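Here the structure comes first, spelled out in structure tokens, and everything after it is commentary.
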Amino acid sequence: MAVVSWKEILLLTGLVVGCFWNSLSCGFVFDDVSAILDNKDLRPSTPLRNLFLNDFWGTPMSEERSHKSYRPLTVLTFRLNYLFSELNAASYHLLNLVLHAVVCVLFLRVCRLFLDKTSSLVAALLFAVHPIHTEAVTGVVGRAELLSSIFLLAAFLAYTKSTGVDRSIVWAPIALTVVLVAAATLCKEQGITVVGICCIHEVFVAQGFTLPSLLETLRQVLRGKGWFPYAVLQTLMKLIVLTISTLLLVIIRVQVIQSQLPVFTRFDNPAAVSPTPTRQMTFNYLLPVNAWLLLNPSELCCDWTMGTIPLVESLLDLRNMTTLLFYTCLALLAHHSLCYRHGSAKTVVMALSLIVLPFIPASNLFFPVGFVVAERVLYVPSMGFCVLFAHGFKIISQKGQLKRISWLILGVLLTTHAVKTFNRNWDWESEYTLFTSALKVNKNNAKLWNNVGHALEGQNNYGEALQYFLQATRVQPDDIGAHMNVGRTYKNLNRSKEAEEAYLVAKSLMPQVIPGKKYATRVAPNHLNVYINLANLIRANESRLEEADQLYRQAISMRPDFKQAYISRGELLLKMNKLTEARDAYLHALELDRSNADLWYNLAIVNIEMKDPSEALKNFNHALELNSRHKLALFNSALLMQESGEPKFWPEANRRFLAYVEEEPDDANGYFNLGMLAMDANENPAAERWMRKAISLQAGFRSALFNLALLYSQSKRETEALPVLDELLRHHPQHIKGLILKGDILMNHKKETSGAKACFQRILDIDPTNVQGKHNLCVVYFEERDLLRAERCLEETLAMAPHEEYVRRHLSIVRGKIAAMNAAGQPLTSTEGASLAAAEAKAARAQEQSLGSSPSDKRTKGKSNKEIKDIEEKRAAALKRLEEIERILSASVWKNKWLLILPQTSCCLSSAELKFN
């Protein structure tokens, strides 16, 4: 066996890089979104064992909605990508490119087993550049094909070494083959078909049997005229070992899917639900369609479902002639390869085995699959096609008159294929480019119109997206998903009436009740989203909440395992203040998925509304155990700890707020709450730093500005508080607490009564019933020596708040001052400029003197000092009340942080809507 030289490896690698380097600039599109972006199994926080419990898309294999595609080793490579580069698409595409180069080298090595050096290189070169491979290489999910192919080829190469020089069995390569077959199967299901390829190689190539000779030997044994030769017995022993191993793998695979086939809709594969003979004729016609894609990959399409290929419903359909021609060619090749011993026959039989056997699982001939045609499943079958082409090229090029022209044709073919592949890669740059390119090939597929609409929707181009969704409904009038998309887009355009009409059309297309038959066996999970979307729409009307709840319950009755319905219903019940039922809805959802951090978070929100903070904190902690970076759980659990007022929670609350701002470095709310925690702990420098950070991120941040000013005021830094208050009032001119604090500073520290007076008058313009603002204005009048006006003002204030003792006391002081001045014959407009506090203290001293000497001067003097101190304490208490009021209001402002998390959807849709692809 000729080895592969370094020059050939470099040639193939260079060709692969040249054809696919532009794939590095492509993003995650189509199935990549579900397999990569939405797949929690890639995250390091997900236990590794989940990879072996869930399907390729991250859905538990036990769930009916699972596609039953069990490929844990492929998902493991995605997880490694995520570990090194998270969601940087370039790294995923780079690894796919490298894997394709490895496959090309291994394929060249395999070709050397039954082709000469030149022909095998021709086959490998054609395989390296074939445009049909774009989906497998440039589409990230195509890695399943790449990895499975590597193990498939490695298993085949290992098996070819299982025969010793003396024709004896070498068991080590066979054991290695079994391991590699298992690995190939764990990358993609078709990997198991390499066992059949090994068997064909063993019988028709290694042992040199032809079909007639094999049948003759069997006939002689059955007639008792002889026995199997020793070499044949050895072959049988090896094949029995391979067969038993294969059966064990099949049994394990069946156990993994729990003996359930995946549920597909008629839109995924229309022929699968068609009657006989339409189903058989259509599925057989798909074989020449796939063969034509290998022969002429000029029109490639990412999606061949729905109406792409019309059903073959009549025996008179001319397409049946194509099917007949295909089977005729296949039969001729099979006859040539199975009935002759020459080298050409061996080459053809191996080519056919590579074409036919790996394609069988995707052929729809033995069991339905979730697609009509998929270009990526032709990755391994194209190896057999390339072998056939290279073998034909060898035959033609050996004819003298055709040698030059055959090489010229080969050069043109490789060049055109390479250019086509390079250009095709650009189609995978984004979902919009991918699906618009598909529409150029096929305009009868409603799914393509829908997906272009989704791409435009992701760009917030709802008007144009609506046109594509409407076209989808015209192409496929019974497409439930298309009508749902129309409804959602109308909603985004604030056209609620049209949205509801579209949802009702989609709902009318849902299957109706059949007595004695379960809904779950007949309803696709995605289609049930019509109930969710319609309910989410109509519940915006407070009078239709019960109607919305009925829709949620109807969805649950159709599929009791429909988790999204429980989640949405829980949110609605919370809105309806049915807290116990809301809690029960989330508990039902948790029975279906206890590993969902969002569900624990939502349950915690219900606990908060039920006034059960300890249970809420426990459920927040559950969410964080499942996802330590859950942003809302971090923020709200920390907020809950902060609002508990218990210092023992403050360190953990501080840690969680720090983790939150690490996740959301541009969210001012996190820094603001760090500042509030620092104020609680009397860590003023830290509080100032966090408040300043919050304000720098959010200009005019009301709560941060006020609390920073309050911090300065409490720290005896009133002059620094004033600019902060000015900024606060510039953004929020009606901020009453800010006006009170500014007026207080101006009057008591800056002695600017005019400025203070303007602040308090502004308060009364905003709220004429504000007692504190009214009282402080009365104090300003007193400071301005306008006693009569101060008296009238205090009388009005007392009328507003008759139970406020300090207002009554201040009024008596002012009246006493007026009486004293009248008695002394002094004008009321020329009082000494004592403050009201000083006047109150003076009145107290006068009262002492009128009562005569007390047994203890110290006691009497202490009483007057206490009065003065009491006034100052009242002012400090007023400031404290301001702080508490602000903090309460801050908490109420952030009450909207108690957001429920609704079922997550694809990119750029509102959380209350569910997207249907």
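Using N, Cα and C of the backbone, Cβ positions are placed for all residues, glycine too.
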Of 192-215, 672-695, the range TrEMBL labels transmembrane segment: 192-215
The repeat 'TPR' (446-479), counted residue by residue under DSSP: helix, strand, coil: 27 helix, 0 strand, 7 coil
Contact set, same chain, for the transmembrane segment (168-186): CB under 8 Å, 6 or more residues outside the stretch: 70-74, 147-152, 154-156, 158-162, 192, 194-195, 198, 234, 237-238, 241-242, 245-246, 249, 253
Residue counts (helix, strand, coil, in that order) that DSSP gives for the repeat 'TPR' (597-630): 27 helix, 0 strand, 7 coil
Residues in the domain 'DUF1736' (259-330) grouped by DSSP into helix, strand and remaining coil: 34 helix, 0 strand, 38 coil
